[in-house]
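Annotation source Swiss-Prot lists N-myristoyl glycine at G2. Annotation source Swiss-Prot lists S-palmitoyl cysteine at C4. The region 'G2 motif' annotation in Swiss-Prot covers 176-184. The feature region 'G3 motif' is assigned by Swiss-Prot to 199-208, with sequence analysis given as support. Taken from Swiss-Prot, the feature region 'G5 motif' covers 329-334.
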Amino acid sequence: MGGCVSATPEEREAKTRSSVIDRQQRQDARQYENTIKILLLGAGESGKSTVVKQMKIIHGDGYSQTEXRSFKSVIYGNLAASMRVVLNAMEKLGIPYGNQASQEQARVILSLSNSLSSYESFPPDVTSAFISLWRDAGVQECFSRAYEYQLNDSAPYYFQNMDRLLREDYVPDEQDVLRSRVQTTGIIETSFRVKQLTYRVVDVGGQRSERRKWIQCFDDVRAVLFVCALSGYDMTLFEDGKTNRLEESLNLFQAICNNKFFVKTSMILFLNKADLFRDKITNSDRHLRLYFTQYTGPDRDVEAASRFIQSEFMERNLNKQKIIYPHLTTATDTTNIKVVFGVVLDTIIRENLEAANLL
């Protein structure tokens with residue numbers, strides 16, 4: 001009659017180790033199923049970082065007063081940089097100041113540091129210079145011709161709210177934070193939970209020099225959210241001063257959409273800065289056909305112009321089995337982004353369930 005042979009200590013240890021590994025693998029698998037990684041891509045100045053801020057406001061805890069205060073130096077840096085751009089443009093466009101005192105005030109602003117971290121507050125002479133210059137007729141004329149040079153998208157907002165921004169007790173609110181602009185460098189990840197799912201949104205800098213880092217983020221991506229600035233159709237890249245921004249976005253989208261890493265990945269397209277696009281198409285003479293000769297629609301027709309640009313993106317998709325989900329967005333508008341992002345999350349969940357044959 002045979003007896004049982006007891007396991008050796010080494011065998012018991014190996015079995016325990018195997019059980020721990022199996023348990024960890026099951027836990028990792030559950031976590032993977034409950035975590036959706038969204039890769040946020042697009043060219044520089046497209047509004048990606050603003051989309052991330054909106055996610056924090058809509059699905060996170062928003063911005064505390066302490067967090068909002070940390071943006072003050074950035075906002076002041078944006079304000080100073082925007083005013084410098086206008087003042088330099090006045091010289092190039094040959095626009096005189098409305099009064100002689102403005103020339104001295106302009107020198108005060110032009111002498112400010114370019115560093116965004118330089119200003120937690122401005123001295124009285126700088127504050128006075130900002131306010132007086134904004135009221136100057138020449139500055140106003142130059143500002144009204146901003147389509148003729150490259151002015152930060154947030155400049156109108158900051159100029160129009162200048163009196164509030166320059167108060168001694170000023171604390172940035174969420175709208176001020178949304179309008180703030182710092183070039184994204186490196187990889188920034190934001191996480192939030194909606195309906196028992198964790199979303200990891202990975203934002204990578206869109207400037208050309210940052211794109212070599214993108215491939216580091218391609219693993220386990222469940223959706224790509226590509227952001228394009230509609231209003232860039234008449235503008236050139238800061239990097240080289242000659243490449244059309246919209247053309248750059250189209251080429252970049254084609255490379256991403258048809259990348260082997262994303263054959264089965266949900267592809268969401270945000271046609272962003274729709275508010276600026278509408279204003280430019282409707283109120284300026286910078287007609288779309290002047291920059292994209294293949295556009296044959298009417299001038300000042302926002303719907304026709306946006307349909308044309310959307311179709312240009314769709315044509316860059318070489319895999320006709322792949323569905324692109326386009327949305328017109330204004331990233332600074334929390335209500336708009338809340339509605340659109342709700343649709344986006346539902347789309348991502350549905351596509352992932354279909355891919356797993358659960359629908």
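Cβ atoms here come from the backbone N, Cα and C positions, even for glycine.
Worth saying up front: this structure is predicted, and the values here are computed from it rather than measured.
Per-class residue totals from DSSP over the region 'G5 motif' (329-334), listed helix then strand then coil: 1 helix, 0 strand, 5 coil.
Each residue in the region 'G2 motif' (176-184) gets a DSSP state, and the totals come to 4 helix, 0 strand, 5 coil. The average per-residue pLDDT of the prediction over the region 'G5 motif' (329-334) is 97, rounded to a whole number.
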